[in-house]
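Enquirer: Before anything else, here's the structure in question.
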Amino acid sequence: MGSKRGISSRHHSLSSYEIMFAALFAILVVLCAGLIAVSCLTIKESQRGAALGQSHEARATFKITSGVTYNPNLQDKLSVDFKVLAFDLQQMIDEIFLSSNLKNEYKNSRVLQFENGSIIVVFDLFFAQWVSDENVKEELIQGLEANKSSQLVTFHIDLNSVDILDKLTTTSHLATPGNVSIECLPGSSPCTDALTCIKADLFCDGEVNCPDGSDEDNKMCATVCDGRFLLTGSSGSFQATHYPKPSETSVVCQWIIRVNQGLSIKLSFDDFNTYYTDILDIYEGVGSSKILRASIWETNPGTIRIFSNQVTATFLIESDESDYVGFNATYTAFNSSELNNYEKINCNFEDGFCFWVQDLNDDNEWERIQGSTFSPFTGPNFDHTFGNASGFYISTPTGPGGRQERVGLLSLPLDPTLEPACLSFWYHMYGENVHKLSINISNDQNMEKTVFQKEGNYGDNWNYGQVTLNETVKFKVAFNAFKNKILSDIALDDISLTYGICNGSLYPEPTLVPTPPPELPTDCGGPFELWEPNTTFSSTNFPNSYPNLAFCVWILNAQKGKNIQLHFQEFDLENINDVVEIRDGEEADSLLLAVYTGPGPVKDVFSTTNRMTVLLITNDVLARGGFKANFTTGYHLGIPEPCKADHFQCKNGECVPLVNLCDGHLHCEDGSDEADCVRFFNGTTNNNGLVRFRIQSIWHTACAENWTTQISNDVCQLLGLGSGNSSKPIFPTDGGPFVKLNTAPDGHLILTPSQQCLQDSLIRLQCNHKSCGKKLAAQDITPKIVGGSNAKEGAWPWVVGLYYGGRLLCGASLVSSDWLVSAAHCVYGRNLEPSKWTAILGLHMKSNLTSPQTVPRLIDEIVINPHYNRRRKDNDIAMMHLEFKVNYTDYIQPICLPEENQVFPPGRNCSIAGWGTVVYQGTTANILQEADVPLLSNERCQQQMPEYNITENMICAGYEEGGIDSCQGDSGGPLMCQENNRWFLAGVTSFGYKCALPNRPGVYARVSRFTEWIQSFLH
């Protein structure tokens, strides 16, 4: 019988060893799980820490005020100057941070760029972990203050300039060239090395600015016009054909043409037809130093020759027109040094301007024209070569025009003529207001002479001219046309050079077209005396045109004790050239109240006396409608009501209590209550004497009691002078009241009025003058050669170029950080809109207005000396205020003002400087000119200038034999005399008879007669 087998289910107990091993295994499992969790958390924390800035970069900046001078090489990161200065500054920054509280976090630094303005440094700081910008700035300032770097012996850093810029970058690993992504300042872009920023307009300009050259990458810079950028080789082409604008914004296509050194470039245009807003600019050179040589639009310019081996061509597309063929240009290289004189001169303008070039220092450019000019009453109807509308000629700018201007055309340098040669040409001078055409010969020795000149209207025909040339040194020929505003076109054609002297001309000498007599008499009659109720008057022929060359006078009268308010109901004069002048009284030396010109409206004018003189003075060019005016009389018209006896009247008419006068707080809106609170009394010069303080309305003399060196310095500063030089007690017999001075704990002065001084001793103080009249950049190593010559850069750091409407018109002198002294006749009629003036400080070359040494400033206030008399040329001085103060540099410094009693004796050699014409009515200088001239006595000057009244307000200088003088364009500039190693402003260039003629000195406003008036603006 089978049986069934079962499995036993009985229980087996564990041994103690088994239990122990099981427990250990469980513990190990728990530990492993814990370690894994901790590791994960650590990794996450590490990632979070990196995200929070475990590696950190900050961008900072500061300004170096001394120890190094800015130069343009600092813009080039590859230059030795950049590398040396960057190395020294990085060493300085490293030393500061490695001795700071951030030494453990700090890694290194990198200088990015230098900017002009003393020297502004931009640099990056690298840290191992995140640091706040406040902490970075604080540690940097503390390190600079504590001189924590050996480099601070050399460099002085402006602590107020230290700042952390907006850029703050953090990364999760150390900064290396392979992974840093740089952020650039506004207006700049990064190079492909991701380490360097350069200005955006430096890309694709023909000059390498990025260390890796990526800013001139041919692929990146390829134009949308034809896909090209850099054109090399002896010939090539570029084009912009059928160029509809591809976007809403303007499009710029730019090409760089580069041929072998020593060669020049000829541009030819197979096709050229663009919309008038789409302009092709042709520049000589590349980069920031390129010079605009031609701007072309609409019609084919023919051939353009650029005398450089590099050309920049820039096509600006503004329109969205699609029916213009654009242009197709080719270029070829040529060697201009192989040209002879005849090839350089001969030109009929059928092939562009041939080898003639536009004068960059004139006021406008010659135009190449086919057919008639703009106006039917001036200029040719056709060229001279073919005598029909198919040929070309050149003309001064056509159209109505807006100003008087010189238009110059220059030859290439010509070789000395071994035998005489005849320069011939055809000229066209037709128009009622045609001025002048001249031919000048100049050489490298700055010698210039006029060899041909014609003035006036010669009718609507081409006239023949010729000049024999016989020069012994290299020279240039210059055609200069002087154009008036309208009806004054001058044209040239068929210029040629032939062997031998010029023979008698086969063509008759042209005769002037008689000038029609003026339609109206220039004498207005009068002067007209006007009394109430006959108070309305107007210019002659109003509202029709007033006469040219008019001089009209109205004298307005009121009863004694009253004054006059003049109101212009209508006003329309030719701007600048025609003026209404208003004076306070009838006498010739009455004060100038206003000069009005241009279109109205104009402000009312108030006299301070019971008489007012109104003058209308016009020139000989244009006339407009004139003016209609009326006047009223009354008591205190336009004058604020006088204040009560216990109040002070501010300059703006406000009244403030006398107790608030000179209390250290401004109560007048114009600040005049704190303007005149301390002065010298009984001194020998304007920087010494007894000290007086105004307390309320009473002047108190300072006691010697408790006087200290610090008080001397504080008082000198209040007086607008330098530090205290010396002080000593004196024992006068003068009565009080007196004032005792003490220094408060916070440094301000405490004034205590007193009826008596201790031991009756007063203080006599002498202050140092503020630093002025010092040359820092260009010291004279040898005595200057007497005669006009190019000045060194920085030789006259106070000489300022004054530009009006973009044209250098006058000079000026810097006398403080925000005030200039110039001539009144420069700004007369140009004073109503000061912002049209721009002062260029630190200027050396007119062709380089963007030099790092130059600083432009708009003018925001013009004050003509109220005693200025234009007709007598007396008191010819004016003040001009800069919109913003200027920082002094090696190239910008103030000149010293003379004492009121300072004498510059006759016979002393002083200096003049300016950019004016180098010959009378010739071309202006590009580089600042300087010369020495001897001073003359006023008696001698009066003998040599008998047609003028030489007053005590004038000083004269010049050689009896002539040859050296100020000239047109130098007006307003300085006459400078040196004393005790400082330069003083002795005179302001005013007037003369022509320029540099024998026994015809230059006349200058004598500045010592105006020192007090000038200083009233400075303090």
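Cβ coordinates are placed from backbone N, Cα and C, and glycine is handled just like the others.
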Enquirer: If you check Swiss-Prot, which of CYS650, CYS655 bonds to CYS643 via a disulphide?
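Expert: It is CYS655, per the disulfide annotation in Swiss-Prot.
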Enquirer: If you count, for each of the recorded positions ASN470, ASN848, SER971, the other Cβ atoms lying within 10 Å of its Cβ, which residue has the minimum?
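Expert: Taking ASN470, ASN848, SER971 as the recorded positions, the minimal 10 Å Cβ count falls on ASN470.
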Enquirer: Which residue, of the glycosylation sites ASN116, ASN503, ASN725, has its CB surrounded by the fewest other CB atoms within 10 A?
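Expert: Per-residue Cβ counts within 10 Å for the glycosylation sites ASN116, ASN503, ASN725 bottom out at ASN503.
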Enquirer: With Cβ-Cβ distance below 8 Å and at least 6 positions apart along the chain, what are the contacts of ASN706 (N-linked glycosylation site)? List them in sequence order.
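Expert: Set apart from ASN706 (N-linked glycosylation site) by at least 6 residues yet with Cβ under 8 Å, we have LYS740, LEU741, ASN742.
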Enquirer: Under 8 Å Cβ-Cβ from ASN335 (N-linked glycosylation site), six or more apart in the same chain: what's there?
Expert: GLY262, LEU263, SER264
Enquirer: Tell me which of the recorded positions ASN470, ASN534, ASN725, ASN848, SER971 ends up closest to ASN887 (N-linked glycosylation site) in space, Cα to Cα.
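Expert: Comparing Cα positions, the closest of these recorded positions turns out to be ASN848.
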Enquirer: Give me the long-range Cβ neighbours of ASN388 (N-linked glycosylation site): same chain, 6+ apart, Cβ under 8 Å, in sequence order.
Expert: PHE382
Enquirer: Where the distance is taken from Cα to Cα, which of the recorded positions ASN470, ASN725, HIS825, ASN848, ASN949 turns out closest to SER971 (active site, charge relay system)?
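Expert: Answer for the nearest of the recorded positions: HIS825.
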